[in-house]
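Everything on this sheet refers to the single structure shown next.
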């Protein structure tokens, strides 16, 4: 039959018009060219590919004769090329979809129809359909920062008083007793509102920057390392730099309101008074030592967190990137905060001293090295670690709660596949070797 069709095709070239040929219930993979007579348009490489196309008068009119009978299994030949190059048959399935099951095609068709009816485009494969990672990570970081700082606000107040020596008491119990006698329990939360306003966006920017930098710096598959040092260190440093640069004025105002309660009535009054009396540049006084203190702390904090989490997975036999649970996250985050705080505390002391400035007749420091030198000269090495105990007591739960809240919010707001992919990306080379 295929040979007969080929002969028929060549004979009809001498006809006035190919369209005058009427063959009932037959569809051909070629057509008249541009409406001209005596010419046919054949798909390239398909001149002799009609064998196996099942072109015969017995093919039902409702089905494309180029499509194979599902009951007949045949080997692939040039007919597939002809069918893919030929114009589509009305009502037939598009090329490339013929090998899929009918149920899958119907489901996909319904999905396309629903998307078209709703006026939206289909998401590409691998993309989340209902979750946006960037806003979700920002919200998760903000919630984590607000919750963690509110829980440890009293410890933050006590730590700040001990670091700057504003009330002449050298113990946590003494500072707590003095605050309760002179200010009441509200004194423990003095400056907490501005602290939350500062920490919430700071943590949002910090965690978002860290996740973005870690994902960018982590090699994919068998790629060589992009940087010669651990990725969490660099990503953490970038996160600390970005968050500090954006939120430093709020940090300075919070410190002033906490220490100089007789000078400033509230946050707004402190902001206006600083701008009026000292100028806008005063809002960034101590930025350099702040960056020197915060950037190493963030780098150490994230690196310690990733390292401890990887060691915990290995000790408990969990796969790389697996969830470690809220309790383990709280403990690991607390330990990471203690390690980072101990390593960078002298820089934190110098930063606080420079932020206070000349208020209350205190000494003005030219730079962070000058501050450290003066503290060493006046108080010795112990002066650089004044308040380390309460600092760790405050930072340990703060870091643990922040990491726990952030991971919990990510599970709710961020696509699970995207979260697991980034978790595995931060697992380190040891996890990759273990999987292999």
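Counting starts with 1 at the first residue shown.
Any Cβ shown, glycine's included, is placed from N, Cα and C.
Pulled from Swiss-Prot:
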REGION    83-135  region 'Disordered'
REPEAT    132-216  repeat 'Solcar 1'
TRANSMEM  137-158  transmembrane segment
TRANSMEM  193-213  transmembrane segment
REPEAT    227-311  repeat 'Solcar 2'
TRANSMEM  229-247  transmembrane segment
TRANSMEM  290-310  transmembrane segment
REPEAT    324-412  repeat 'Solcar 3'
TRANSMEM  327-347  transmembrane segment
TRANSMEM  384-405  transmembrane segment
REGION    417-436  region 'Disordered'
COMPBIAS  417-428  compositional bias 'Acidic residues'
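Over the repeat 'Solcar 1' (132-216) the predicted model carries a mean pLDDT of 85. Residue counts for the repeat 'Solcar 3' (324-412) under DSSP, helix first, then strand, then coil, are 75 helix, 0 strand, 14 coil. If one looks beyond the transmembrane segment (137-158) by at least 6 residues along the same chain, the residues whose Cβ comes under 8 Å of a Cβ in the stretch are 172, 175-176, 179, 187-192, 195-196, 199-208, 211, 258, 390, 393-394, 397-399, 401-406, 409-410, 413-414.
Across the candidate stretches 193-213, 229-247, 384-405, the maximum count of CB pairs under 8 A to the transmembrane segment (327-347) is reached by 384-405. Counting only same-chain residues 6+ beyond the ends of the transmembrane segment (384-405), those with a CB under 8 A from a CB of the stretch are 140, 143-145, 147-149, 151-152, 155-156, 158-159, 162-163, 165, 172, 203, 301, 305, 326, 329-338, 340-342, 345-346, 348-350, 372, 375-376.
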